[in-house]
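Undergrad: Structure below; questions to follow.
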Amino acid sequence: MYAGSSEMEQVVCVDTMVEGVHFRKDTLSSFQIGKKALAINISDIAAMGAIPTYYLVSVAVPPTWTEEELSEIYEGMNELAKRYEIDLIGGDTVSSNDALVITVTAIGKVEQGKAIFRSDARADDIVFLTGYVGGSAAGLDVLFEKGFNGLFSDKEKQLVKAHQEPTPHVEAGRILAKSNARISLNDVSDGVASEANELAEASQARLIIEQERIPLHPAMSEYSVERQLKFAMFGGEDFVLIGTVPKEKKEEISTQFRKSGLPFHEIGFMEAGEPSVFIKEGNERKKIQKHGYNHFQKRG
């Protein structure tokens, strides 16, 4: 983050997607790869409460990719850019020996002093999510099982879409930035467990997730509860926001979300203690380590 005008500060986020690590041709189309590459960066901007404004793209292209496929990648980015009214202002294209590599730099703006960080959670704050979790990982599981052109049920179609076309929660981030409340925030790119641990570590406090309050994607209902939780906690790429807010501000903020037609799910609370994350089921607590799935590791 750096100072911009007298009224706004600028935020900059960079993410890289590598073929075979973050995506494969048999799970995403070229168009979807481009769209997702930009979505990831816009989600980072959203997690700071900022407005996305510009982006830059650098692509390393191997011989296995055609000019048409490369064009489709940019078309995917452009579709999402139009939605958020952001402009492509530069970048680079180079050759690669094997894997396609896409690096996107996104630039955003936020009012002076309104940027949100991970480090402001305190004991007794409530923990929230701004949408369903687990759907993206479950969608990838479906794609592994049935293939890109598989015959999907209605529920499977919802899960596959959650994986292939995630939606950054920019509007939710803006509500939180304007709330004048002490907020900590992160986006769920690597799974709830990983992002919750980052909040706990940055804030030097303990984060408790109440299992029955986790908003599991409803289209996962064909899976066992155990697998649904695994997808939600460790699957990643849902790109909803996870954060904390003082208990006394919860009603005001949840009302703003409701008026905007956006979900706001209370899932737990903060308490004093060593930075860590626990999942609570009834009276029992289990410590949750910070780790996420390898994107293409076989799901058990």
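Cβ coordinates are placed from backbone N, Cα and C, and glycine is handled just like the others.
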Undergrad: For the Mg(2+) 3 site that TrEMBL describes with Asp15, Asp187, which of these is also annotated: Asp44, Asp154?
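TA: Candidate in the recorded Mg(2+) 3 site: Asp44.
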Undergrad: Between the Cα atoms of His22 (substrate binding site) and Ser189 (ATP binding site), what distance do you get, rounded to the nearest Å?
TA: 11
Undergrad: Does DSSP give Tyr74 (ATP binding site) helix, strand or coil?
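TA: Helix, per DSSP.
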Undergrad: Same chain, not part of Asp15, Asp44, Asp187: whose C-beta falls within 8 angstroms of the C-beta centre of the Mg(2+) 3 site? Give them in sequence order.
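TA: Once Asp15, Asp44, Asp187 are set aside, the remaining close residues are Cys13, Ile40, Asn41, Ile42, Ser43, Ile45, Ala47, Ser189, Phe239.
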Undergrad: If we check Cα distances from Gly91 (ATP binding site), which of the binding-site residues Asp15, Asp44, Asp187, Asp190, Glu237 wins as closest?
TA: Asp15
